[in-house]
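Novice: Residues or ranges marked as active site by TrEMBL: 264. Residues annotated as ATP binding site in TrEMBL: 91, 195, 196, 197, 198, 269, 284. Residues annotated as Mn(2+) binding site in TrEMBL: 284. According to TrEMBL, the domain 'FAM20 C-terminal' annotation covers 159-375.
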């Protein structure tokens with residue numbers, strides 16, 4: 001109830017256990033009981049407060065409607081708090097499962113999809129990357145679990161009842177420009193995804209780094225990587241891509257983004273504590289799974305231009321291409337554990353198999369050209385350059 005004394009933090013709280021389990025290998029260990037408990041808690045615990053996220057608060061002060069359509073494509077997201085200092089990012093349903101992103105949409109005005117956030121967590125776990133924060137689907141009662149627990153007067157003020165008698169709310173800023181940004185319950189219940197928060201930045205500082213394969217965010221511009229097939233040679237010369245695992249991690253991320261169809265990876269984040277070789281966080285995946293009928297091969301540019309891949313990643317991909325461990329089957333089964341199942345439609349699941357084959361084809365072309373010893377890197381070691389590889393053969 002409101003006004004009750006806050007409960008003391010229990011050390012066994014799943015949020016805390018999740019944070020303590022973050023290591024240089026990933027956000028959680030392979031079979032983590034803490035993650036299973038965390039997913040259940042996010043799904044079941046009552047919310048004790050709701051508020052806009054920090055970046056939306058920043059927007060509230062500067063409502064310039066010409067700025068609405070921009071790369072960050074801010075759509076409604078809320079921070080929900082639970083007991084034991086638990087916090088999760090709530091992204092409401094904006095698009096039905098069977099709706100395809102229109103072909104004329106630029107990727108940076110695409111919807112954010114709650115089911116894409118959920119599916120991305122499951123895929124990342126199946127690929128054994130473990131770089132997406134735990135994410136679960138939940139039906140939220142927007143009246144009881146948002147409106148009645150928020151202290152933010154702006155958020156309270158954006159709730160209204162639609163002509164169909166559904167309870168709706170919207171992000172204040174876009175509302176002044178476009179009313180169709182609102183999301184509505186049915187009449188009170190609204191589907192959404194909940195992603196667990198990472199530890200606060202003062203406990204676990206993170207860097208946000210521009211992706212060397214960033215897309216042009218204009219309608220006609222081209223980035224260098226789009227016109228120069230030797231672009232990777234340029235990247236390899238620059239710190240930190242010259243002497244670390246970083247490029248191999250970028251290739252992992254590109255494969256992940258290609259499988260989900262996410263063209264919007266303009267930055268990546270990593271924990272400073274793990275140094276230059278730390279893993280890249282795969283955050284904000286709501287732009288994935290927009291079109292099952294289209295494979296955006298340009299997302300694979302880091303793989304096809306650098307022609308390198310971790311051996312562990314390659315072995316995992318090959319395994320998931322085997323009939324008995326087919327990626328679509330493993331994903332289908334994994335997603336059945338989510339309360340909002342089925343999370344993806346069948347065409348999206350089958351697209352994963354098709355795209356996985358395209359990734360393996362790209363690796364095969366690289367191996368044909370440069371040889372396996374050059375292309376396939378042992379984890380923690382840089383692959384030998386083609387020249388170094390030939391020198392070794394001569395001795």
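A Cβ is built for glycine as well, from the same backbone N, Cα and C atoms used for every other residue.
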Novice: Find, for the listed recorded positions 195, 196, 198, 264, 269, the residue with the lowest Cβ contact count at a 10 Å cut-off, counting only other Cβ atoms.
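Specialist: Counting other Cβ atoms within 10 Å of each of the recorded positions 195, 196, 198, 264, 269 gives the minimum at 269.
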Novice: Using a 10 Å radius around its CB, how many other CB atoms surround residue 91 (ATP binding site)?
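Specialist: Around the Cβ of residue 91 (ATP binding site), 27 other Cβ atoms lie within 10 Å.
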Novice: Within its own chain, what residues at least 6 apart in sequence put their Cβ under 8 Å from the Cβ of residue 284 (ATP binding site), listed in sequence order?
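Specialist: Listed in sequence order: 264.
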Novice: Record lists 91, 195, 196, 197, 198, 269, 284 as binding ATP; longest Cα-Cα distance in Å?
Specialist: 20
Novice: Within 10 Å of the Cβ of residue 197 (ATP binding site), how many other Cβ atoms can you find? Include all protein chains, please.
Specialist: 18
Novice: Average pLDDT across the domain 'FAM20 C-terminal' (159-375)?
Specialist: 89
